[in-house]
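Trainee: Pulled these features from TrEMBL for this protein:
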BINDING   Arg80, 103-106, 169-171, Gln175, 226-229, Arg409, 420-421  substrate binding site
BINDING   Glu99, Asn101, Glu327  Mg(2+) binding site
BINDING   Glu99, Lys264, 323-332, Tyr334, 357-360, Glu384, Lys411, Asp417  ATP binding site
DOMAIN    159-261  domain 'Glutathione synthase substrate-binding'
Amino acid sequence: QVVNYAPFTLLPSAVPRALFEQAYADFNLLVDAISQNKEFLEQTLASTIKVDDFTARLFRIHTQVLEEGLAQSVFLGINRSDYMFDCGVGGTPALKQIEINTIAASFGGLTSRTAAVHGRVLKVLGKPEEASRLLTNNPSKGLAWGIAKAWELYGAPGAVVMFLVEEVQRNIFDQRCVENELWNRVGAAGGRVIRKRIRDVFEKGSLDDARRLYMEGQEVAVVYYREGYVPKNYDQQNWEARLLLERSRAVKCPDIATQLAGTKKVQQELSRPGTLERLLPGQAEAVARIRATFAGLYSLDMGEEGDKVAAAAIADPERFVLKPQREGGGNNLYGEELRQVLEKIRDSPERTSYILMDKIKPQPSMNYLLRAHSPLQVSECISELGIFGVYVRQGQELVMNRAAGHLLRTKATEHADGGVAAGVAVLDTPYLV
């Protein structure tokens, strides 16, 4: 095993202050509302689950658990809403949402350290005043607060928090930052943190008559997923383990309905007129703030509307991005590749497993990207801003709802898609202008 430093920019990147503040729109309320709306999820994902096996299997577990009756009464959401700064129309930058991540939203830990790195660099360059303007940012503390609150409300002081992690964990230090914050909170009250794979749950997990979850004899209060968001995380045994977890009383972060709320198809449906108003009745201000960040999103469902959208994208692929229902970066299609895929599936129901989105055109800036074993050179870069949100609901009462900090990731313009974990983007700090 090899340890490398996390990749980062040499200098912080300029971000317009007004857009940064606008990014703190409250997506927690929306995600929570979607997760509780069975009919909305059913209608929205109806076409997708016919052609996308992964989403279909998640949905089947969701349905089965609801039919049985939820054992879980405390709900924890940790999400990250990602944005870019679009200069496409008239050159004035506008904030546009790329996606919302509702499972395993990462880099809350490492980004909590990044501002200190950039502050040091600016001081070395003789810029102490600029260094003092960098915002303090500690998402790992906010994420740990949410997990600790859910653990406390679960109400079993000796129970553990279980991080579900992959076999080979390249991003372990990011998780450890959150875990260390958590030990400070639950450890003092008698709780513990354990790290397991989904496979361990299949082999050693069990439910008692009250559907309390046990791992090797220890009651589990909170399950925090840092895997389970891509098909390769599952074989038949892992699907069985996922069902066991969902049937349990333990607080899942996320529960399966919240994972489904983060699908691209849901994102596309939210952009339809009237949808936000239905999900957030009587909250006109929140609706306006959220809608202002939406980019153009288009359905590829079978029928006349989908046919027109597919034809427009094939005719002018540079205007669009083709997105499958996948998390984790590196999945989107652009340009000639987008055209080829759409031409192949334009008359097939397979196209309904994708959505189409307007391509965002940010203004590039120059920076140095520091990566292990890579030459140091100035690159033309674009950035993506993520805002972490944490909420805890007990029954119908929202006990906690807060923004937990931000994440700025920057990549060279030659890369169309991919985040830090995908080896393309690097960690950055916003310098507000």
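Cβ coordinates are placed from backbone N, Cα and C, and glycine is handled just like the others.
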Trainee: Within 10 Å of the Cβ of Arg80 (substrate binding site), how many other Cβ atoms are there?
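Mentor: Around Arg80 (substrate binding site), other Cβ atoms within 10 Å: 25.
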Trainee: Taking only the Cα atoms, work out how far Lys359 (ATP binding site) lies from Arg170 (substrate binding site), in Å, as a whole number.
Mentor: 30
Trainee: Given the binding-site residues Glu99, Asn101, Lys411, find the one whose Cα is closest in space to the Cα of Arg80 (substrate binding site).
Mentor: Asn101
Trainee: Give me the Cα-Cα distance between Glu99 (Mg(2+) binding site) and Arg170 (substrate binding site), rounded to a whole Å.
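Mentor: Computed Cα spacing between Glu99 (Mg(2+) binding site) and Arg170 (substrate binding site) is 23 Å.
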Trainee: Of Arg170, Lys359, the binding-site residues given in the record, which has the fewest other CB atoms within 10 A of its CB?
Mentor: Arg170
Trainee: Where DSSP helix means H, G or I and strand means E or B, what are the helix, strand and coil counts for the domain 'Glutathione synthase substrate-binding' (159-261)?
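Mentor: The domain 'Glutathione synthase substrate-binding' (159-261) comes out at 46 helix, 27 strand, 30 coil.
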Trainee: To the nearest Å, how far is the Cα of Gln175 (substrate binding site) from the Cα of Asn101 (Mg(2+) binding site)?
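Mentor: About 16 Å separates the two Cα atoms.
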Trainee: Out of Pro324, Tyr334, Lys411, point to the one nearest Ala104 (substrate binding site) in space (Cα versus Cα); all of them are binding-site residues in the record.
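Mentor: For Ala104 (substrate binding site), the spatially nearest of the binding-site residues is Pro324.
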Trainee: Near Pro324 (ATP binding site), which residues of its chain come within a Cβ-Cβ distance under 8 Å, counting only those 6 or more away in sequence?
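Mentor: Long-range Cβ contacts: Asp52, Lys264, Asn331, Asn332, Ser353, Tyr354.
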Trainee: Across all the protein chains here, work out how many other Cβ atoms are within 10 Å of the Cβ of Asn101 (Mg(2+) binding site).
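Mentor: Total other Cβ atoms inside 10 Å, all chains included: 22.
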Trainee: Just the number: how many Å between the Cα atoms of Tyr334 (ATP binding site) and Asn101 (Mg(2+) binding site)?
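Mentor: Here the two Cα atoms are 21 Å apart.
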Trainee: Identify which of the binding-site residues Tyr229, Tyr334 has its Cβ surrounded by the largest number of other Cβ atoms within 10 Å, counting every protein chain shown.
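Mentor: Answer by Cβ density within 10 Å: Tyr229.
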Trainee: Using C-alpha atoms only, work out the spacing between Tyr229 (substrate binding site) and Asn101 (Mg(2+) binding site) and round it to an integer in Å.
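Mentor: Here the two Cα atoms are 10 Å apart.
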